[in-house]
Amino acid sequence: MCTLCTWGRNPRCSHSLFMNSTMGSSPVCLGEEAKTSILYSYKHGFSGFAAVLSESQAARLVDWPGVVRVVPNRILELHTTRSWDFLHLSPEPSNGLLSLSRFGERSIIGVLDTGIWPESESFKDDGMGEVPSRWRGKCVEGEKFHASNCNRKIIGARWYIKGYEAENGKLNTSEVFEFLSPRDAVGHGTHTSSTAAGALVANASFNGLAQGLARGGASRARLAIYKVCWATGDCSSADILAAFDDAIHDGVDVLSVSLGQAPPLPTYVEDVLAIGSFHAAGRGISVVCSAGNSGPYSQTVINTAPWIITVAASTIDWTFISRITLGNNSTFVGQTLYPGKHHKRNYQIVNAEDIASSDAEDSDARSCNTGSLNATLARGKIVLCFQTRGQRVASVAADTVRKALGVGVIFAQFMTKDIASSYDIPCIQVDLETGSTILNYIGDTRKPVVKFSSAKTILGKLIAPEVAYFSSRGPSSLSPSVLKPDIAAPGVNILAAWPPASMLSPTSRPVNFRIDSGTSMSCPHISAVVALLKSIHPDWSPTAIKSALVTTANARDEYGLSIVAEGAPYKQADAFDHGGGHVDPNKALDPGLVYDTGVSDYIRFLCSMGYNNSAISSMTQHNTACKSSRQSKKDLNLPSISIPELRKTLTVSRTVTNVGPVNAVYRARIEAPKGVHVNVEPKVLLFNMTAKMLSFKVTFRPKLDVRGRYMFGSLLWEDGVHSVRIPLVVRTVIDDFYTVA
């Protein structure tokens with residue numbers, strides 16, 4: 001068992017001295033048994049260590065003087081370029097807008113992921129200046145990774161496997177394709193790193209699709225790589241905490257973390273991402289995390305600590321299509337990422353249910369679930385599959401058809417712009433109406449046939465952004481008074497760098513760029529914007545930067561319509577889908593006002609969560625004594641107000657800091673959530689040389705006509721130039737609302 005232990009403020013010598021005593025050895029500092037048992041000694045951002053202990057040793061450790069908390073090791077998971085143009089972030093000034101992406105050379109983005117493929121063109125350092133003198137990181141060598149693989153773009157690289165191996169045993173690279181080094185064998189880390197800070201690469205494409213200029217949002221920023229996840233998909237919490245500790249010491253400005261743990265969520269005092277990010281934020285480092293890929297279901301959002309920027313995924317205005325032609329000359333359009341050339345010939349098409357294997361359930365065959373098809377009947381045919389409650393993934397259907405020796409699949413599903421990957425056979429995604437029409441054709445035709453055209457890139461003809469179907473939704477299951485996610489960014493069909501050694505399928509050829517989707521892809525978009533803002537406003541705190549992003553985000557799409565959230569059915573997006581809205585990097589540069597928060601505010605928040613003094617002291621590394629009166633979560637100075645239970649009139653306080661013109665007059669405008677009276681006092685904020693920070697109160701009073709449902713609104717402060725918007729989320733309840741007679 002691998003255990004994380006927090007230990008006052010003692011150095012590593014004390015850790016080993018303690019370990020010797022726990023194991024029954026003589027109390028001599030750095031005994032051999034203690035050396036081998038301790039995996040990491042955390043000393044830069046916080047004091048503690050990770051060690052391999054038996055259950056009895058862990059139990060003894062809990063009672064040892066000076067030990068304030070023992071937390072079991074956990075395994076976290078990864079969350080799997082037009083997007084920057086779509087965000088109007090140009091490499092050159094245009095239309096009067098400042099080219100934000102030209103900034104950032106002094107910003108350092110740390111990426112906790114699967115490593116990096118340093119030979120990619122996205123990580124060349126042409127024209128970059130010297131590494132910032134404040135940088136204290138290292139380029140740690142390993143298997144097929146040398147110091148020479150670092151440059152003025154990749155300025156540091158470390159790898160962490162002790163926690164992983166303590167949990168899973170030695171990683172055998174002869175059985176699993178992996179490198180015991182910062183080199184990326186999976187592709188995930190290379191993709192996210194290049195999305196955030198990749199250099200400009202002309203004529204990039206995924207086998208001809210999405211061809212154009214590939215670049216990261218902060219293409220001049222530096223990268224520091226912390227490999228904490230491995231080819232099995234596992235990421236050890238002990239390794240993650242060690243990476244946070246090193247990153248704080250190394251001097252990163254931003255940490256991009258596209259991973260997390262699905263619900264049920266650990267408490268903030270036990271969650272290594274919350275702990276590591278708390279200490280990073282306390283040292284001025286913004287931490288950006290993915291919201292998770294468990295949408296569109298409510299309460300699935302992860303990484304919900306208020307000091308983290310939690311990112312939802314949205315679509316952009318491109319897609320990739322293929323034309324479907326039936327034997328009766330009817331034509332339809334479907335989405336596909338199949339990179340091969342489609343044979344312009346007719347193939348027999350069959351309904352999956354008609355070729356089910358003898359032991360398959362009807363619903364499994366209908367959706368082409370694993371092992372559900374008769375290979376004799378599928379051989380050489382195109383198979384029509386329909387999503388079901390139990391199987392809604394097109395790539396699963398494609399793999400099933402391929403293994404049954406079929407030559408292609410049409411997958412009918414709910415409408416979504418997220419296109420599944422298929423590399424060995426064509427996989428065309430259509431909506432349920434089109435699928436039903438094709439099914440009727442099959443039933444009415446003696447020898448039904450179909451043919452596909454080659455895939456084609458369609459640009460600028462889609463309404464966007466929309467919140468992606470898979471993007472996890474709020475409210476937070478841990479602290480619903482903290483609105484999550486915070487913001488949305490492009491995370492669907494994102495083109496970015498890929499290791500050529502990471503084969504997409506056994507028969508596919510190597511690629512240098514790949515199209516992928518997930519909140520893992522949206523996270524580095526925000527990380528890049530944060531790096532740019534940090535380079536222009538180096539004195540802004542992580543919470544000020546977060547506020548700038550949230551309060552300037554767009555709740556409307558490119559056509560001025562309310563953003564839509566994919567789902568079943570589609571609906572108008574709300575704050576549980578996208579937080580403040582869709583990121584607008586140029587507006588975030590000049591937000592006018594910011595809602596700032598400090599470490600002491602977060603400690604009061606932890607007290608309000610009901611954690612005991614020792615647990616909070618363990619997390620914060622400071623002696624904490626919560627006041628006896630229960631402190632309210634509602635007054636944490638966030639750029640949002642979320643009230644999960646409004647039973648009677650309630651007043652909430654907020655403070656804003658003027659970061660715009662010294663003399664400014666802001667007036668309040670309220671869009672009240674349905675069923676709630678909302679009043680703001682004062683209604684006018686006057687800023688000048690002496691009044692740079694002003695507070696206001698928002699009073700909520702429930703009506704009687706709406707109970708038990710979350711309702712959404714907004715509060716805007718406007719001065720004629722800036723519009724500073726925060727979401728309002730309120731659920732009105734009565735004491736006996738949930739009583740069942």
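Backbone N, Cα and C atoms are what each Cβ position is placed from, and that goes for glycine too.
Taken from TrEMBL as is:
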DOMAIN    26-79  domain 'Inhibitor I9'
DOMAIN    107-556  domain 'Peptidase S8/S53'
ACT_SITE  D113  active site, charge relay system
ACT_SITE  H188  active site, charge relay system
ACT_SITE  S520  active site, charge relay system
DOMAIN    635-730  domain 'Subtilisin-like protease fibronectin type-III'
TODO: Please list, for the domain 'Subtilisin-like protease fibronectin type-III' (635-730), how many residues fall into helix, strand and coil according to DSSP.
DONE: 0 helix, 60 strand, 36 coil
TODO: Can you grab the distance from S520 (active site, charge relay system) over to H188 (active site, charge relay system)? Cα atoms, rounded to a whole Å.
DONE: 8
TODO: Could you state the whole-number distance in Å separating the C-alpha atoms of D113 (active site, charge relay system) and H188 (active site, charge relay system)?
DONE: 7
- [ ] Could you tally the C-beta atoms, other than its own, that fall within 10 angstroms of the C-beta of S520 (active site, charge relay system)?
- [x] 29
